[in-house]
Amino acid sequence: MESIHIQTTSKKYDVYVGKHVLSSLTEVVQRMKPAVSNVMIISDESVATLHLQKVKEALQIKQDVFSFVIPSGEKEKSFENFYAVHTAALENKLDRNSLIIALGGGMIGDLAGFVAATFMRGIRFVQVPTTLLAHDSAVGGKVAINHPLGKNMIGAFHQPEAVLYHTPFLDSLPEKEWRSGFAEVIKHALIGDVELYHWLKNNVTTLADLRDDKLVYVLKRAIPVKAKIVAQDETEKGVRAHLNFGHTLGHALEKESGYGNITHGDGVAIGMLFAIFLSEQMYKIDLRYKELKQWFLQYGYPSIPRHLKVDRLVNVMKQDKKANAGTIRMVLMQEYGGVHVVSISDKTVHTSLEAFQKDMVLGEEMNFE
């Protein structure tokens with residue numbers, strides 16, 4: 001079975017991508033040493049309705065298999081759900097040789113992964129992503145839950161035993177989720193695979209093109225970009241911060257819009273455009289910002305919401321995990337495939353963000369006409 005190999009300081013594992021990888025789930029579980037004592041599948045209501053039974057049927061093992069389904073929505077990564085899953089794990093007598101399977105998108109992967117990282121000080125888990133966005137979050141071992149004051153503020157680094165990307169699970173995604181996930185694909189192309197970036201521009205005219213063999217190809221190109229960075233910096237002490245390209249403003253937009261009102265990918269798309277806009281200004285270079293803006297609008301990515309206040313966005317950006325002593329630090333670009341983290345003054349960010357917001361509104365109006 002063809003796979004993408006992930007090598008980190010703490011673990012080696014494989015990512016399997018394709019139309020039939022679910023049939024390999026039993027083999028993946030049975031290969032684990034020590035032997036798995038029992039299994040708990042964690043999912044949400046939306047995904048469970050569509051796919052939970054398929055996963056149970058694919059898992060042909062003699063050990064007990066339990067499932068725990070949480071309500072769907074933006075509060076999936078809450079402390080309440082985290083506590084509830086731990087309670088279910090204890091009630092079902094999971095132990096240190098148990099296995100958790102995360103069946104769902106990025107939020108389920110994060111929640112289930114953090115449960116695995118903390119239950120009895122750490123047990124094994126497998127990621128079974130069901131969204132395009134999760135091609136990013138399912139790889140690399142960052143797991144977390146949210147706090148009312150910030151996203152992903154309570155978490156750990158806990159690598160999965162394997163990732164099984166059964167692409168037919170993505171068929172049920174609404175268009176906004178395809179768009180959200182595609183933003184992370186674009187991010188990986190821009191920061192680490194320029195050839196993929198050009199391929200996307202030539203071969204993915206609309207989001208409907210991301211199906212079948214093209215989808216598998218895109219995943220097999222995008223995931224290794226992250227894998228290479230994670231291999232160099234598993235716990236985000238250095239170059240792993242490059243994966244936050246577009247996320248400084250993106251996270252601020254999510255928070256100020258109210259979590260759930262703008263998708264993660266839409267926020268990241270706007271954030272990437274701003275990072276390129278700012279990079280052109282700071283380094284006096286041409287990164288083809290206007291061309292990229294039109295390309296993003298072609299896929300339906302939104303402009304920066306007009307009602308959001310620049311002052312408030314800047315303040316939220318100062319709370320970003322990359323910030324240092326209240327100084328904003330962003331991932332900027334000097335060339336495609338070449339990014340780095342830079343400290344930027346509040347004044348520079350404020351001035352550039354005001355100009356960017358005006359330019360995005362103008363671009364939206366011109367595109368509408």
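Easy rule for this one: first residue shown is 1, then count along the chain.
A Cβ is built for glycine as well, from the same backbone N, Cα and C atoms used for every other residue.
Just one of HIS198, HIS247 is listed by Swiss-Prot for the same Zn(2+) site as GLU184, HIS264, and that one is HIS247.
GLU76 (NAD(+) binding site) sits 15 Å from HIS264 (Zn(2+) binding site), taking the CA atoms of both as reference points. Annotated Zn(2+) site GLU184, HIS247, HIS264; additional same-chain residues within 8 Å of its Cβ mean position, judged by their own Cβ, are LEU133, ASP136, ALA183, LYS187, GLY246, GLY250, GLY265, GLY267, VAL268, GLY271.
Here GLU74 (NAD(+) binding site) is positioned 11 angstrom away from HIS264 (Zn(2+) binding site), judged by their C-alpha atoms. Between the binding-site residues SER72, THR130, THR130 has the most other Cβ atoms inside 10 Å of its own Cβ, all protein chains included.
Ranked by how many other Cβ atoms sit within 10 Å of their Cβ, the binding-site residues GLU74, GLU76, GLU184 place GLU74 at the bottom. Under the DSSP three-state reduction, GLU76 (NAD(+) binding site) is assigned to helix. Every protein chain shown contributes to the tally, and the Cβ of LYS142 (NAD(+) binding site) ends up with 23 other Cβ atoms within 10 Å.
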